[in-house]
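**Q** Quick paste of what Swiss-Prot says about this protein:
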ACT_SITE  E270  active site, proton acceptor
BINDING   T37, G63, D64, G65, T66, V67, N68, E69, T92  ATP binding site
BINDING   M211, D214, L216  Mg(2+) binding site
DOMAIN    1-130  domain 'DAGKc'
Amino acid sequence: MKTIRAILNGKKAGNPELRDAIMKMRDRGVDVQVRVTWESQDMPRLVKEAVTDGIERIVVAGGDGTVNEAASALIHIDHESRPELAIIPLGTANDFATANHIPDSIADALTLAVEGQALSVDCVKANDRCFINVAAAGFGAEVTAETPVELKNFLGGGAYTLTGVVKALGFKPYDGSITIEGGRYDGEMLLGAFCNSRLAGGGQQLAPNAMIDDGLMDLTLVRPFLPHELPKVIEEINNPSEKGEFVKHTRASWLEIDFPNPLPLNLDGEPYHSRKIRFEVQPKSLKLVLPKDCPCVTH
């Protein structure tokens, strides 16, 4: 009998569709063992418990925050003992699952979790934290699934709304330095996006070419601009390069940011503030169950 350990976000544990899918999978002879998280320290404890019990595959059911909790817990497990990870997307925003073509149907996602192949993928450490999807800084840290669509449009390419929105909501640029392999950026930043995968903020495409197994982050930095410079900004958003005047795009395996004041940041949607942060890709550090048509792996 095949055994998997399902760890459910407590807010989703009563989902009737999820319960039905688990029961049907058990009827097929799969031993689906269920655990539930209620508090922030539950995930690390339950992951350690699974390792002690010899579980080889963990399935987490929840949103991007739950996936982040699981990845963060797994990265602290010795590599040889680290279970594989599968995902049932149940959040408000399921950006990582969506980008990687993990089914949004609970039954189909559970079937993939049981039958799918695990591939080695990267995660990114940010000081003592980690993320598997996207870290957004500055203005970008405010962009979540609940953000008004006018604000999110900027990250989807509709930058014509940005100037008015920034003025209306009083966003101010952040002044500091960013050091990456082969370069350094000093000055004001409106938005920083450090991407392992492609989507954030409820489906906004931040890094359309990012791969989760290439050992690199896709980085986008946007510096402040004046209203008459907006056409140039839009052009650079649509045609990102390292040489953009306002929008700079590059790839790197590590970067360090140093700001006089703590920079607002979110890691897979989870808030984090720090003045100095080192981001470092952990290549192929997790084994993740993915569909065969996943566009974010090099195959």
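Backbone N, Cα and C define each Cβ position, glycine as well.
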**Q** Taking the recorded Mg(2+) site as M211, D214, L216, identify the other residues of that chain whose CB atom sits within 8 Å of the mean position of the site's CB atoms, giving them in sequence order.
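**A** So the additional residues around the site are D122, A210, I212, D213, G215, D218, R251, T298.
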**Q** Where does D214 (Mg(2+) binding site) sit by DSSP, helix, strand or coil?
**A** coil
**Q** Considering only the recorded positions M211, L216, E270, which residue has the minimal Cα-Cα separation from T37 (ATP binding site)?
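**A** For T37 (ATP binding site), the spatially nearest of the recorded positions is E270.
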**Q** Hey, does DSSP put D64 (ATP binding site) in a helix, a strand, or just coil?
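**A** For D64 (ATP binding site) - judged by DSSP and reduced to three states - the answer is helix.
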**Q** In whole Å, how far does the CA atom of the residue listed as 'active site, proton acceptor' lie from that of N68 (ATP binding site)?
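**A** Each residue's Cα considered, the residue listed as 'active site, proton acceptor' and N68 (ATP binding site) end up 8 Å apart.
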**Q** For ATP, with binders T37, G63, D64, G65, T66, V67, N68, E69, T92, what's the maximum Cα separation in whole Å?
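**A** Largest Cα to Cα distance for the ATP-binding set is 17 Å.
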